[in-house]
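A short worksheet on the structure shown next.
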Amino acid sequence: MEYFVQQLINGVTLGSIYGLIAIGYTMVYGIIGMINFAHGDIFMVGAFISLIVITALGLTVSTGLGLTFVALILVLVCAMIIASAYGWTLERLAYRPLRGSFRLAPLITAIGVSIVLQNYIQIAQGARVKPLQPIITDGYTLMTKTTEAGEFVVQISNIQILIISVTVILMAVFSLIIAKTSLGRSQRACEQDQKMASLLGINVDKTISTTFVMGAALAAVAGLMFLLYYGVIDFFIGFVAGVKAFTAAVLGGIGSLPGAMLGGLVIGLIETFWSAYFSVEYKDVAAFAMLAIVLIFLPQGLLGKPEVEKV
Amino acid sequence: MTRWNEDILLSVERMSMRFGGLLAVDDLSFNVGKGDITALIGPNGAGKTTVFNCITGFYKPTAGRITAHTLEGEKFLLERMDDFRIPKQAKVARTFQNIRLFGGMTVLENLMVGQHNPLMKASKFTFGGILGLSSYKEAEKQAIELAKYWMEKTGLTYRADDAAADLPYGEQRKLEIARAMCTRPKLLCLDEPAAGLNPRESEELNALLLHIRAEEDTGILLIEHDMNVVMEISDHIVVLDYGEKIADGTPEEVRNDPKVIAAYLGVSDEDVENVEQQIEQDVTGSGETEAPK
């Protein structure tokens with residue numbers, strides 16, 4: 001029981017990070033029907049920016065609580081802004097010129113851009129793994145159980161609390177933007193009929209750019225969280241995390257925002273539980289097998305809308 | 001008599017549109033007057049929808065000029081504008097022959113999308129909207145008021161929170177007009193608004209269009225096949241056939257124009273010469289059916 005609770009906490013944390021990245025995939029897919037394969041690399045860039053800013057600020061574990069809090073917010077804002085600039089540029093240079101060409105063209109450039117970003121960071125930052133000393137330590141003990149082998153302690157660390165709460169807040173804010181603001185309405189309008197949206201005075205190009213910027217900002221947040229949680233990053237983290245988040249988006253129903261969150265959570269939990277109870281080696285197999293099973297029985301994903309074609 | 005040539009809202013000058021070898025619109029010129037309901041009629045394939053598509057930026061005409069005049073005396077050359085600027089700045093809105101609503105959004109949301117630009121400005125590009133600025137709240141309140149007004153005028157208030165796709169056909173048509181009106185247009189282009197409506201709905205549509213003309217300071221340009229609607233509500237009719245203008249005038253003039261009758265009913269081979277003679281006489285006789293070129 002204690003073991004289960006501990007894995008649940010770990011799984012939700014991992015799922016939060018996947019969910020944050022998955023939102024970027026799902027929003028871009030929703031609006032232009034394209035899988036932005038470079039999105040995982042934006043996440044990686046976000047993690048690197050966070051690392052650079054943290055190092056520049058000289059943030060360590062001995063920094064006082066208040067100061068750490070302020071500094072982390074600063075890091076978050078920097079990472080979001082710079083990653084957004086990457087997202088915007090990416091859309092402007094690589095995708096917009098290809099809008100309206102055949103469907104596979106932007107997909108190919110997306111893969112190309114992904115490789116470019118990876119190599120760029122590899123050259124600029126080096127190929128070695130970058131470590132970060134833990135900044136946020138400690139946690140709360142929820143349960144203890146004494147066994148013959150010793151004590152088993154269920155803990156939720158401060159960093160896990162931080163990740164889960166930041167994710168919940170950001171998802172709430174983004175859902176609100178999509179549901180209630182004029183920007184969100186214009187995004188949903190472009191999703192359904194771009195031509196009609198432009199006939200109502202909506203600048204479709206700008207709306208699409210904004211969508212990329214929003215996705216990139218969330219990916220940067222995920223990058224910072226990943227860095228704080230694992231403490232090591234390299235130029236290749238974007239690929240695996242990106243594929244997992246993409247899986248999460250498809251699992252939840254691509255195009256659906258709550259679906260992306262749910263999908264992220266499910267993938268995170270499956271991975272964690274599989275490694276906890278079966279084998280660490282096959283955790284990715286478990287996650288992708290789950291995707292295959294769900295797509296066989298629910299082709300539109302968990303929360304996606306089935307495509308109904310009127311005759 | 002030719003009020004539309006004096007107080008001009010939209011002027012199309014020598015416009016041609018060519019698709020490969022097909023000349024869909026050939027050297028067309030006409031004016032839409034302020035506060036008029038102008039009907040664009042003609043047999044199937046005459047090029048009416050092409051004209052609409054050129055006006056609203058769907059197509060760039062091969063030749064010619066389309067000018068929109070605002071009430072402040074500004075002029076916009078529509079064929080040179082990005083498509084989203086046409087409703088935003090030149091204040092031209094349109095509806096489609098096949099309805100294009102945002103089906104997954106509610107009736108109210110559809111109307112709010114039409115007011116995207118003022119809301120976006122008031123929300124300081126969303127940041128202010130999230131923070132809950134009072135200016136944004138005010139703008140949103142006004143937007144909802146305008147939406148409510150048009151829901152009331154189109155009798156859709158009771159449907160406000162239903163998905164647009166769930167509405168019956170007649171109500172969807174009305175919602176499209178309401179949404180177009182929410183952009184506060186100066187010229188409203190309607191592509192066959194009465195198509196598929198039953199007689200009662202068609203009557204309601206007429207009332208709505210007459211209301212828009214009377215109250216909203218908005219000119220209407222419509223394509224319509226239903227001659228009852230056209231003759232009843234329009235002030236000015238332009239007739240197209242094979243991409244060319246064959247008549248331009250008041251409903252009275254157009255109704256009695258032999259060219260129009262010939263285009264609509266067709267002429268048997270023996271009668272061709274008679275009709276042509278008659279047209280010749282008519283043109284030289286009154287000279288009024290044809291607007292000066």
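Using the three backbone atoms N, Cα and C, a Cβ is placed for every residue, glycine included.
Record features, source TrEMBL:
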- A:12-35: transmembrane segment (TRANSMEM)
- A:42-61: transmembrane segment (TRANSMEM)
- A:67-90: transmembrane segment (TRANSMEM)
- A:102-121: transmembrane segment (TRANSMEM)
- A:159-179: transmembrane segment (TRANSMEM)
- A:208-229: transmembrane segment (TRANSMEM)
- A:285-303: transmembrane segment (TRANSMEM)
Contact call for the transmembrane segment (A:12-35) and the transmembrane segment (A:159-179): at least 3 Cβ pairs under 8 Å, seq gap 6+: yes
Closest-packing stretch to the transmembrane segment (A:67-90), where packing means Cβ pairs under 8 Å, from A:42-61, A:102-121, A:159-179, A:208-229: A:208-229
For the transmembrane segment (A:159-179), distant same-chain residues with Cβ under 8 A (at least six beyond the ends): 9-10, 12-13, 16-17, 19-20, 23, 134, 136, 139, 187-188, 214, 218, 221, 225, 228-229, 257-258, 261
Spatial neighbours of the transmembrane segment (A:102-121) far in sequence, C-beta under 8 Å, 6+ residues away: 32-38, 40-42, 44-45, 48, 86, 90, 94-95, 235-236, 238-239, 242
Same-chain residues near the transmembrane segment (A:42-61), Cβ under 8 Å, at least 6 residues beyond its ends: 21, 24, 68, 71-72, 74-76, 78-80, 82-83, 86-87, 90, 117-118, 121, 125, 130, 132-137, 215-216, 219-224, 226-227, 233, 235-238, 241-242, 245
